[in-house]
Amino acid sequence: MALVLKISGRVFDNEELVLKYAEILNKLPGRIAVVAGGGEVARRYIAVARKGGASNTFQDLLGIYASRLNALLLISLLKDAYAKVPRNMEEFLEAWGRSRIVVTGGFQPGQSTATVAALVAEAVRAAALLNAANIDAVYSDDPRKNPNATRLSELKYDEFERILRSSNLPGGYELIDTWAVSILKRSCITTYIFDGRTPEAIEAVVRGENPGSKITC
């Protein structure tokens, strides 16, 4: 059984949390693909580039390289991981054919790491995509601004798409983009969204539990 784990870049802003993820991934059985976000390094570099007038494409490249640096850090902590960070799908598939664990970051400008994770999950026919996010579950609205937002333990992709497209959700309500959702939906890949600060949730999913929100076709 193959799993894909998307780790929010914010996880990499916490050294102890990164070490805990590595500890858990080293213990997990089966095959695992991990996609790392860019985190504070990406935000800082992009902010400077934007201030200096760099193009959006160049800003995206900075985010991609930051995510690859985070991926390389995780690789250094894993026992069975492929030693290089794949830069595109072809390189990822080559690595996947050789190693039990493959860790990657962004692939190309204009494409989120969430979309990379969805494409990877589709390519390896993953049993599920696990999204270690900046929020503990999917809500009907942004719970940080709307105290009446409802926590949704289980939902379908159609409902999830409606929530993501809601005008009430600000950019800071980071879950996954609609392009990534469309990929997961077309291949009917189950997605789990949980709090990235609790890496133990990965083990919970493997045990058949739902630590946050479960999204299905």
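From the backbone N, Cα and C atoms, a Cβ is placed for every residue, glycine too.
Feature list (source: Swiss-Prot):
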BINDING   Lys6, Ile7, Ser8, Gly9, Arg10, Gly39, Arg43, Asn134, Tyr139, Asp142  ATP binding site
BINDING   Gly38, Asp60, Phe107, Gln108, Pro109, Gly110, Gln111, Ser112, Thr113  UMP binding site
The one of Gln111, Thr113 whose CB sees the fewest other CB atoms within 10 Å, among these binding-site residues: Gln111
Distant-in-sequence Cβ neighbours of Pro109 (UMP binding site), under 8 Å, six or more positions away: Asn56, Thr57, Asp60, Leu61, Ile64
Cα-to-Cα gap, Ser8 (ATP binding site) vs Thr113 (UMP binding site), nearest whole Å: 9
Top Cα neighbour of Thr113 (UMP binding site) in the set of binding-site residues Lys6, Arg10, Arg43, Tyr139: Lys6
Proximal residue to Arg10 (ATP binding site) among binding-site residues Gly38, Phe107, Gln111 (C-alpha distance): Gly38
Maximal Cα-Cα distance (Å) across residues annotated as binding UMP, namely Gly38, Asp60, Phe107, Gln108, Pro109, Gly110, Gln111, Ser112, Thr113: 14
For the binding-site residues Lys6, Arg10, Arg43, the one whose C-beta sees the most other C-beta atoms within 10 angstroms: Lys6
All-chain count of other Cβ atoms within 10 Å of Tyr139 (ATP binding site): 20
